[in-house]
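Worksheet for the structure shown next.
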Amino acid sequence: MKIVGAEVFVTCPGRNFVTLKITTDDGLVGLGDATLNGRELSVASYLKDHLCPQLIGRDAHRIEDIWQFFYKGAYWRRGPVTMSAISAVDMALWDIKAKAAGMPLYQLLGGASREGVMVYCHTTGHTIDDVLEDYARHKEMGFKAIRVQCGVPGMKTTYGMSKGKGLAYEPATKGDWPEEQLWSTEKYLDFTPKLFDAVRSKFGYDEHLLHDMHHRLTPIEAARFGKSIEEFRLFWMEDPTPAENQECFRLIRQHTVTPIAVGEVFNSIWDCKQLIEEQLIDYIRTTMTHAGGITGMRRIADFASLYQVRTGSHGPSDLSPICHAAALHFDLWVPNFGVQEYMGYSEQMLEVFPHSWTFDNGYMHPGEKPGLGIEFDEKLAAKYPYDPAYLPVARLEDGTLWNW
């Protein structure tokens, strides 16, 4: 089964998405997501100029060989642009292979390991009362795992805040220049335990409670914070400190039993190796679009399972519905599954990407259609051209550039 076509589409039905479409001589079509928030055109160019021409004429069934060819053959290995492009190719080829087999991808991977995929939602608010109201809404929807973020008194901007009540959180801003946001670690550390106390006092411990620190703390600050919130029994604290220096997680681990989740910015198993091998984290948050697709994620998950580290894949709506569809198939199969992030998509986005997944009482299922179970409406996508947008930049109150 030969590859006869490979096309790249950049569309913005509310968010910029990079879509790869691979076509075979049998007429089968595979879809992959190559979206890299704020750097979409870099990945699109990498695909168009380098990978797509080298796909033509290859056997679509030889997924592993193609993966290795693009990874090892590039010499300049890893990195978010390279790995996002490889991820899209890999997803599309698995989509084709499952369609050729006439089965949903999760069956091809080895079948379901569970009845459904537990997903966690995002709750947000500028005050604790706003968060409690949003939490109640998501609890009523059936979510069993809920992330909470709240505006911090005295700070004009706080990570995770939506631009209005009832709106989804959207960090990127349109235009050619990123928004600059202020950050105060001291105010955050003083306030955030009060948020968890309010949530647990009102709703109890029925739901899993998650929180994202978004790389903002130093190791010793993260250790102190993790210790201070143990009574609230968080499912995890996410990205407590930048993970470039992975040894620093030993300090955090030595001081708290609050579970740690890391990895959304990782793009290969080598980024995860030390954290997993030394059991410095509990959940690995690598994502289908940035860590090598199905093939890359399988390697990471298999390695993590040796150390009882579970998956908790990154899944915001700045990754396209194609990524989410692939993630659900992977999550349904992978033995050491933990939870899957799910922010939801607008109707406009889902019109461009018709899907077969379902949500019921806090769990999702990818559906039974062959392949990934998702489509791409090219004509409709063409109505939504690329619209430049960038993630924010953070500064401390004295003007020092900080980790966003």
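Along the chain as shown, the residues are counted starting at 1.
Here the Cβ of each residue, glycine as well, is placed from N, Cα and C on the backbone.
Noted in Swiss-Prot for the protein shown:
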type: BINDING; residues: N37, H122, E264, R285, H314, D318, E341; note: substrate binding site
type: ACT_SITE; residues: Y159; note: active site, proton donor/acceptor
type: BINDING; residues: D212, E238, E264; note: Mg(2+) binding site
type: ACT_SITE; residues: H214; note: active site, proton donor/acceptor
type: SITE; residues: P316; note: site 'Important for activity and substrate specificity'
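Positions of the features from Swiss-Prot, shown on the structure.
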residue: H122; record: substrate binding site; DSSP (3 states): strand
residue: D212; record: Mg(2+) binding site; DSSP (3 states): strand
residue: E238; record: Mg(2+) binding site; DSSP (3 states): strand
residue: E264; record: substrate binding site; DSSP (3 states): coil
residue: R285; record: substrate binding site; DSSP (3 states): coil
residue: H314; record: substrate binding site; DSSP (3 states): coil
residue: E341; record: substrate binding site; DSSP (3 states): strand
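Between R285 (substrate binding site) and H214 (active site, proton donor/acceptor), the C-alpha separation comes to 13 Å. Counting every protein chain shown, the Cβ of R285 (substrate binding site) has 25 other Cβ atoms within 10 Å. For the recorded positions listed here (H122, H214, H314), the lowest count of other CB atoms within 10 A around the CB belongs to H214. Taking the centroid of the Cβ atoms of N37, H122, E264, R285, H314, D318, E341 as the substrate site, the other same-chain residues with Cβ within 8 Å of it are T287, G315, P316, L319, M343. Taking the centroid of the Cβ atoms of D212, E238, E264 as the Mg(2+) site, the other same-chain residues with Cβ within 8 Å of it are M213, H214, D239, A261, V262, R285, H314. When the Cα atoms are compared, D212 (Mg(2+) binding site) and E341 (substrate binding site) turn out to be 12 Å apart. Per Cα geometry, P316 is the residue among the recorded positions Y159, H214, P316 nearest to H122 (substrate binding site). Mapped onto three states, the DSSP output places N37 (substrate binding site) in coil.
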